[in-house]
């Protein structure tokens, strides 16, 4: 087996990568032609693109290729779910240095494939090019199954705010890793490999969600996009947030209030949505606030006051940013 | 106005870029949410991704940002047309160095937008990330309008081979540019900005094309993919190829047989297809060969013999590769 991408060549690498893929009934034509063909039964297709760069979005010494693949795919698939759609397909653009081991690229592909499978989707095509540093460009497609897309602009005063999935786990894991530790394992793994609640997106659309997004930049920041687009104020209640005891322990150890992770940590791809107040939410949704306004100054507040970052939540007197 | 991408910041840049975009009726939800929503009336969506890297696919000293945008979009939109589909939407992933002038990125966006418009499509979303070198990742979507996708695998013995669009113009332009010249203008412009015959793809599907592709790697190479996928031999007749007199002149000047450009030059994104022999082709299609076989050794021949590259076509006794 040829060891590096440069030795194998681009066509060889494409063969090696596509040979690892699986398919679904939605894939009408998979990789190998000028373009792929994917079922879009709703007569509308939902589409989103994201880029991940080595050094900026992942580190090869912190994450395996497989985990980078899982994470890259998760990030895109979560965007589809957050519109209320069911993910159907991924396309992969991959820039690889000539010295990159073929095994790294193959394991990346395995991670992307497996995460797509978790979400019910398949990798249908892509492009591979040699370049100086690893870049992963993923486009995800999805189907609305008759629901209207749930945008960021539909939140109404009186709506409740609820989320499902994980909040702050990736940030806590990052704090652990950046101090040179490898445990607690649950948080390190959450940083390496998020688990977005894909099914919850379409389910929320079915429950009448008025606005929805996935938490990629942090809860306050991402709800800020909803507040802005809906011209409302969103108030979160810190007392409604459950902090797992292990997360509190890490916070104490590293001198950071875990609420900081919950409110500003990104990358877990929890799904947060606003719902009419009379909605009956399934058990795994957690209500954490309400929609106020309409507001001339759309913003997210916590317990009625602007979120002031770590300073405002410096319970340990030793917080870092 | 802030001069560089680094000064403007990513959110500022995204605002600047999306403010330049136009829309179409197929765009149900454009940029600014977790994902875009695009009409897919056929209930299937055609999708393709390509990457372009500075230095490898374009040079800032040879092409303007606007031309790089046109070219990047054209490359992807041609893939959609080559399936017999009508392009509907583009998504753009853009890696930009901090020192890049904002105007460069804005002009790139203009080029992508304008090329999309030529094809009837619109830019519906994307991602912008800072990195060391410019990378353009484009995903194109399209609609089949009731036609079956025309793949590479349907060519039958007895079919005719025909193309429409431009062949070898970009390669001739590249030969001119790489020798430090800027004229003849028509060829230099063809290199900077291809003009794929988008409409011809769906039209060919309607005419019963049995296999189709766009010429991105060169006619012989791309027809080779059809020969391989269809397990046939394809024989081209050099006597059927029209060489414009100006192309002959350049060939003479630089010591390259222009047939070399026509048979191996990529990037013009002509559309080449196989059709049943009784097809009535519109005037702008040019028949250049036929499908033989089935063949255990699928390949493309020229005048019955394997294509041997420049050596075999060294009419000037001074050919370069």
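Any Cβ shown, glycine's included, is placed from N, Cα and C.
Those TrEMBL annotations? Automatic predictions, nothing curated.
As the structure is a computational prediction, the values presented were derived from the model and not from experiment.
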TrEMBL annotation of region 'Disordered' - which of the ranges A:276-298, A:299-321 it falls on: A:299-321
Listed binding-site residues (A:214, A:217), ranked by Cβ neighbours within 10 Å, top entry: A:214
Short-range binding-site residues relative to chain B, from A:48, A:49, A:50, A:267, with Cβ separation under 8 Å: A:48, A:49, A:50
Spatial neighbour of residue A:34 (Mg(2+) 3 binding site) that is closest, considering only the binding-site residues A:48, A:49, A:50, A:57, A:127 and their CA atoms: A:127
Whole-number Å value for how far residue A:79 (Mg(2+) 3 binding site) lies from residue A:50 (Mg(2+) 1 binding site) (Cα to Cα): 10
Conformational class of residue A:79 (Mg(2+) 3 binding site) under the three-state DSSP mapping: helix
Chain-internal residues near residue A:79 (Mg(2+) 3 binding site), provided their CB is under 8 angstroms and they sit 6+ positions away: A:48, A:50, A:140, A:214, A:216
Set of same-chain residues at least 6 away whose C-beta sits under 8 angstroms from residue A:57 (substrate binding site): A:51
Binding-site residues near residue A:217 (Mg(2+) 5 binding site), in sequence order, restricted to A:49, A:127, A:267 and a 10 Å Cα cut-off: A:267
Predicted model, mean pLDDT over the domain 'PurM-like N-terminal' (A:32-142): 96
